[in-house]
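What TrEMBL says about this protein:
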type: DOMAIN; residues: 538-799; note: domain 'G-protein coupled receptors family 3 profile'
type: TRANSMEM; residues: 537-564; note: transmembrane segment
type: TRANSMEM; residues: 576-596; note: transmembrane segment
type: TRANSMEM; residues: 608-629; note: transmembrane segment
type: TRANSMEM; residues: 649-671; note: transmembrane segment
type: TRANSMEM; residues: 692-715; note: transmembrane segment
type: TRANSMEM; residues: 727-749; note: transmembrane segment
type: TRANSMEM; residues: 761-784; note: transmembrane segment
Amino acid sequence: MDSWRKIKQSFSFCIYFVVLSHHGTKSFEQATAEGDIIIGGLFPIHESVNVTVNYDGSENQICDRFSTANLVQSLIMVQALEEINQKQELGNLTLGYLILDSCGDVTTALRKIPSFMKGNCNTSAQQSSPVLAVIGGYYSEIAIAVTRLLNLEYIPEISYGATSGLLSDKTRFPSFMRTVPQDDHQARAISEILDNNGWTWVGVLTTDGEYGRYITERLWYYTNQKGICFAFTSVLPDDLNDYSLGKSIESTVKTIIDNENVSVIVSFAKPDHMMYIFQKLLNNPQGTRRVWLASDIWSQSPEILNTKKHTLSDIGTIIGVTFKSGNTTKFERYLDDLNENPNHHKNNPFLSTLHGLTSSEELKTMIYPSAVFSIELAVKAIAQAVEDLCTDRDCKTKRLSPLELRGALRKAKFHMDGKNYSFDPHGDLNAEYDIILWNQTSESLDVHDIVAHYSILQSSLTFISQEGNVTSKCTDSCQPGYSKTSVSGQPHCCYHVLKCLYCNSEKCNPCEKNYYSLKGSSKCLPRKIDFLKWGDVYLIVLLSFTSLGAVLTIVVGIIFLAHWNTPVVRSSVGPISIILLLSLMITFTSVILFGGPPNSYQCQARQVVFGLSFTLCVSCIMVKSFKIVLAFEFDPDTQNVLKKLYKPYLIIAVCMAGQVVIVTTWLVLSPPSTDSEITQDNMKLIFCNEKLIPAFGAMLAYIGLLALICFGVAYKGRKLPDSYNDAKFITFAMLIYFISWIMFGPVYVNVTDKYIPAVEMVVILISAYGILFCQFFTKCYIILCKKEANTEKSSKEYNTINIKKTFKSVKHLKTCKHLSAVL
């Protein structure tokens, strides 16, 4: 307890401050307390330096912008050191301190650092030992410069706020350590917050210092991976006394106001920067309500908003990223003790810099829980390293060196609040981040409401509570049924939104096979299969006519077979007529193959069966036409030649061979097969694709050529006697065939739905019925209804009379007798 009283006396009387007045501000230079081991502290008690030039060219540097919050942070270090001494955690060793004010300026900090290195308190009393370690500085720009200088004597620096990723490079900064994560983790945490809330169009405020440049670059890296864009990036001078600061603030405020669709602004600026920006924005009549995403540098600085004139709702919503929060209970009791002990207040010039803020309650409002954690943890790390070194050594007589302490710090395993900690190989201590939400109370701002945690090890964001919906996007979200189309010269977050058949926020995606989506829809529906179904009314009608035609063909065949030896059947060339009826039967049957669900075999069979059967049909008619020519030819020499060439079955075989060659070539090269297409009704139409259209055309053309020959021959014999004369009926049948197939071409080409097969079915039926009616119905009528005309006697008499009427010339009488015999 004697040691403790000694430290308390040192605190009351050996703290020495040089107080300079400048425009009502006071400058805190240093505070000291004796101990066996001295720990340095570097805090931005003032946040900037005002430089004036004298007439002789010399400069006066006055620290200004006094920060009560940063002064309170220096007290956190004092309290932590006094607690270790009070509990005698290091045995008979005591910890002292030398705390300097960096004034938030690199040059000022470098001018004061020699005080750590000389072991000089700059007071009337000399320090008993040199500074072995330094806690601070808070800003990365200062920490980078200071650690380079301290490293000349291997003095370790443990920062409680410098977060630049450059400081993790142990080759360049071997003496630097920190109790806060580096900015790469904070940038990732902020990108997760933006992504979690769907904020893809954000503004960024930063500074031109090392901290601002590094964390902005890292944020861009992570947000770019998540499809988040920067609407603007405003860079402010890091030095608060920079001559261009005023213009930069004005330009930044104008940029914020002009970008009305930017509802979220990420800020890496200093607290004073944000105070100036808020003052300007609140004076603007257009309003300033935004979501402000504050980095650790100002996320717990409620003083930036004058709550006497404005409320938090005037500025919008502030979400902050802070370091892990510590337990503030012990430090609050320490502040209460300062308030209750009049001697501290009277003899402690420390508190005289507070501009009259002597109430502990007022000081408590300046406590940053994250600073409590980081600064206490730095003190714990140093104490543990000293304990590790002094376990088997009398450190009072054998002094420690900074190099020894630095090595021990790298290996130290220390604990606080029941958890163990240690520095990683980069000198970093990767604790988690707390995400806070500012709240307006009746008299002040609450900046300690933790709404989420960010785990560095797991790179995950866990919300405790969720804020209301805020939209910050360059373009409205791609709603279901719409797609994004990029805009030239704009970032990928700015795009046109167009309707499409299926949208997945980013682009139009086709539905899976056999699925479809309506325009503007967000889901795919199963696509219905369409073809000429058996239950279709049109197909039923066509199949009815097909069945009727097949039945009539069978009936005609039966009639002919029953009256096989009658003159009518013989004059019709009975065997050829039976082959003709058989071919018609097959033609009617082929019509059935055009209905129902198509398959490859059906597609090949229907055209082949029709082509061959109808070729056989026309070939038989051609044979009958040649017989008429043979009967009609009066020149004996020509007639003898025709008799030799007239081989009915050979003619049929040759005609069929030509068609067989065509269809075989078709089937070998590119046979018909099933195909599908999407109709206007979003149905999948299955149909037979003829593929080799020239082969299909050749098949039909070949039949047409045979029909044309039949027509020409039959037309030549149209004036023969009426009795048993096929010429007129063949001519009429071929006319029906030509008309139907001429109409088929344009219709077949223009019809695109499931009724394409029905078109060909109709044409086939018309052609088949035309031949059936013209070739057989008149003969069946004579056979069944005029039996008296179907006898040998009546046939000869009738023919002779008609021939004489037709050929009255005596010159042709012999030929007429021959014709009568043929008929």
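Any Cβ shown, glycine's included, is placed from N, Cα and C.
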Do any residues, 6 or more residues outside the transmembrane segment (727-749), come within under 8 Å Cβ-to-Cβ of it, and if so which ones?
621, 624-625, 628, 700, 704, 707-708, 710-711, 714-718, 720, 756, 759-760, 762-763, 766-767, 770-771, 773-775, 778
Stretch-averaged pLDDT - the domain 'G-protein coupled receptors family 3 profile' (538-799):
84
Considering pairs 6 or more residues apart, do the transmembrane segment (537-564) and the transmembrane segment (761-784) have at least three CB pairs under 8 Å?
yes
Between the transmembrane segment (692-715) and the stretches 576-596, 649-671, 761-784, work out which stretch tops the count of Cβ pairs under 8 Å.
649-671
